[in-house]
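Database features (TrEMBL):
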- 6-30: transmembrane segment (TRANSMEM)
- 42-70: transmembrane segment (TRANSMEM)
- 84-134: domain 'Potassium channel' (DOMAIN)
- 90-108: transmembrane segment (TRANSMEM)
- 115-138: transmembrane segment (TRANSMEM)
Amino acid sequence: MTSNELTVLAAGIGLIFAYGVIHLAGLELIRRAKPQQDRHRYLGLLTTFWGLVILHLLEIALAAGVLALLLGQAGNGVLLQASAETTADYLYFAGVSFATLGYTQIEAHGPIRLFVMALSLGGFMLITWSATFIYTIWGESFRE
């Protein structure tokens, strides 16, 4: 592997580790912020849902920022079909990669593909974790 490939792969692995810490903290914050189930069961579910949306958007923004930093360095690869690699392009690419295992209208070429692989894996894991969390909250809300 080249030094650029190792750098990009290390950034992807670092992102996954950061995601684990951020997501755990976010889930705990959501759990504490939601209203009591016995008084406001639907509001508790909606608070959980909205909290997860905000948490995922923050995680996508983090990935977009790392993506922009990596692509700003020579030799790390390019995104093809991106208009000018704007903030919107980075957010779109990171968001779609996070949520769909990397299927976007923008193609990654070069070492950056290793980061996108890690981003897609991390997104899949976090969405699954969030689904399990909201399912648990749903069960707590309607357990009689």
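From the backbone N, Cα and C atoms, a Cβ is placed for every residue, glycine too.
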Go through the chain and flag residues at least 6 beyond the ends of the transmembrane segment (42-70) whose CB is under 8 A from any CB in it; none is fine as an answer. 7-8, 11, 15, 18-19, 22-23, 26-27, 29-30, 33-36, 76-77, 85, 87, 90-91, 93-95, 97-98, 112, 115, 119, 122-123, 126-127, 130, 133-134, 137-138, 141
Tertiary contacts of the transmembrane segment (115-138), as residues 6+ beyond its ends and Cβ separation under 8 Å: 8-9, 11-13, 15-16, 19, 23, 27, 30-31, 34, 44-45, 48-49, 52, 55-56, 59-60, 63, 66-67, 70, 94, 97-102, 108
Give the residue counts of the domain 'Potassium channel' (84-134) per reduced DSSP state, in the order helix, strand, coil. 37 helix, 3 strand, 11 coil
In the same chain, who gets a Cβ under 8 Å from the transmembrane segment (6-30) while lying at least 6 residues past its ends? 47-48, 51-52, 55, 58-59, 62-63, 66, 70, 73, 76-77, 111-112, 114-119, 121-122, 125-126, 129-130, 133
